[in-house]
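Annotated features in Swiss-Prot:
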- Cys76: active site, nucleophile (ACT_SITE)
- His178: active site (ACT_SITE)
- Glu180: active site (ACT_SITE)
- 2-199: domain 'Glutamine amidotransferase type-1' (DOMAIN)
Amino acid sequence: MRAVIIDYGVGNLFSIYSGLRRVGFEVEISKEPKGSEDLIVFPGVGSFSAVSKYLVARKEKFEVLRSNGTGFLGICLGMQIMFEEGTEGGLNKGLGWLKGRVDKINHPRVKIPHIGWDKVNVIKYNELSEGIDDQYVYYAHSYVAYPTDKSVILSTTSYGIDYPAVVNIGNIVGTQFHPEKSSLVGRKFLTNVYRWLRK
């Protein structure tokens, strides 16, 4: 199984590269999709405004691959970009694959950004949910997704508000947490992604 991590030109991709290799993927880092990969990964580095411009400019290529059944994994910001729009750095368009908006965590009594370990609450079970319910994973973010279609939410996390931890529709999966920084639970989730692609 081949995975390509899309390099937006910001941040360190070594952790997600290593995490994917550990669960069995052949991994490459590239600025463009190759067309023969089983999984395209949008990593969780950068800002919505900068990354959305990079990815939306290549949306047509990604759309062709998505319609052909290539899997997509978005991590943190990489998941947020899959929604219609986000407010970080001004109002910017996302890829629009998931309906809804990305906005700041809106709660007066929690510290922003949300950095550290928090619990995943699975609300919809499929192969991607196996072994992660009630487990702690690592977060580092100030913005969250507010989906208009709640059926895409597989699991949530509570931090002042309940927000999506994992979303999935068709061949698209996104996580607000960083599986590559979430120790054994993160590895289990990436293993789930590997098996999900093979089914």
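The backbone N, Cα and C atoms fix where each Cβ goes, and this holds for glycine too.
Keep in mind the model is a prediction, meaning the values are calculated, not measured.
Taking CA atoms as the reference points, His178 (active site) and the residue listed as 'active site, nucleophile' are 7 Å apart.
Shown in sequence order, Pro43, Gly44, Ala140, His141, Thr175, Gln176, Phe177, His178 are the residues of the chain, 6+ apart in sequence, with a C-beta less than 8 angstroms from the C-beta of Cys76 (active site, nucleophile). For His178 (active site), the count of additional Cβ atoms within 10 Å of its Cβ stands at 20 [all protein chains shown].
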